[in-house]
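Lifted from Swiss-Prot, the feature list:
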BINDING   G82, 85-86, T90, 92-95, 110-118, T122  5-phospho-alpha-D-ribose 1-diphosphate binding site
BINDING   G82, N113  anthranilate 1 binding site
BINDING   S94, E227  Mg(2+) 1 binding site
BINDING   R168  anthranilate 2 binding site
BINDING   D226, E227  Mg(2+) 2 binding site
Amino acid sequence: MSDAFKPLLAKLADGQTLDEDDAEQFFAACLRGEPTPAQVAAAVTAMRLRGETVGEITACARAMRRAAIHLDHPYEVIDVCGTGGDGLHTLNISTAVGFVAAGGGLKVAKHGNRAITSKSGTADVLAALGVNIDASLAQQRHALDTAGICFLFAQAHHGAMKHVSPIRQQLGFRTIFNLLGPLTNPAGAKRQVVGVSAHRFVEPVAKALGALGAERAWSVHGAGMDELTTTGETEVAEWRDGSLRLFTITPEAVGLPRAALADITGGDPAYNAAALTALLDGQKGAYRDIVMLNAAAAFLVADRVETLREGVELAGAVLDDGRAKAALAGLVAATNSETVPAQVTPA
């Protein structure tokens, strides 16, 4: 069976790109464990050295979406997440943003995983906060219904990735796999804010989101960070209504002070959970500012506000009046509930 992939590998070795059909079929085969580990490693390394195309990223994400376990729901959900891999070890920003967004009235399907290169991934800090990260589909839906936010544990929804996970770990460098998490939300989010770890991915990821059916999405990179940042300038590629727009954002433009990276540097899950709890309890400072900026982007992408500055103001209000804290409490309760309403059924 593995001989069937040799022509495709030869094409990649010659520096050629794969069309979407070939890329999707190959990646689907990877998710079934058909190519050998050496063949998978060769393919993704060749793409990395040449530079992954929008078509290849889109096709691989499409194959991964098809293999996923999906969460059924009636809502227009939003996801805020990053590719990871920026190496800055910040506090959990997009996780905190999820609670602010939910507190502000959005339905948030937060897709995430345990830490790979950081000290504390979304799953790690949520577990430290008391969330059942292994919640069933019914519990996830119950959380979305009642708290406005659910957590979709990537390793549970994308079980087919078990075939390539050891290869990723053995390679030890970024490949196309690192881009796919934010592009494969199991709840089918069509509104997204996606942070990327390097400038070169800003535009391709936005285009891939558009090709995958996003209605409105931002792909962002902020001064080395896979978030909108208050430490400098953020590059944004916005996909909206079938077209792409590129622009930059500074914290000063939306009324926020500039911060030093040291002010938002995190630690282990317990440390980051304590910081997130303090944030939801009303603590002011650089962590609050960067969370408000990213939450503002979520509100804007979801058409909840008309300007980013208005989004910052809404985020501050949600933190101050306890709505964000209530969203966390609701997520903890729903994911640990042993009795889920009968009308909530898995997809």
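Each Cβ is built from the backbone N, Cα and C atoms, and glycine gets one as well.
Set side by side, the binding-site residues H111, R114, R168 differ in how many other CB atoms lie within 10 angstroms of their CB, and the most is found at H111. You'll find the Cα of D226 (Mg(2+) 2 binding site) roughly 6 Å from the Cα of G82 (5-phospho-alpha-D-ribose 1-diphosphate binding site). Ranking the binding-site residues T90, S94, N113 by the number of CB atoms within 10 A of their own CB puts S94 at the top. In the three-state DSSP scheme, G82 (5-phospho-alpha-D-ribose 1-diphosphate binding site) is classed as strand. Neighbour density at the Cβ, taken as the number of other Cβ atoms within 10 Å, is lowest among the binding-site residues D226, E227 for D226.
For G82 (5-phospho-alpha-D-ribose 1-diphosphate binding site), the same-chain residues lying six or more positions away in sequence with a CB closer than 8 A to its CB are S94, P182, V194, G195, V196, S197, D226, E227. The two recorded residues, R168 (anthranilate 2 binding site) and R114 (5-phospho-alpha-D-ribose 1-diphosphate binding site), show a Cα separation of 15 Å.
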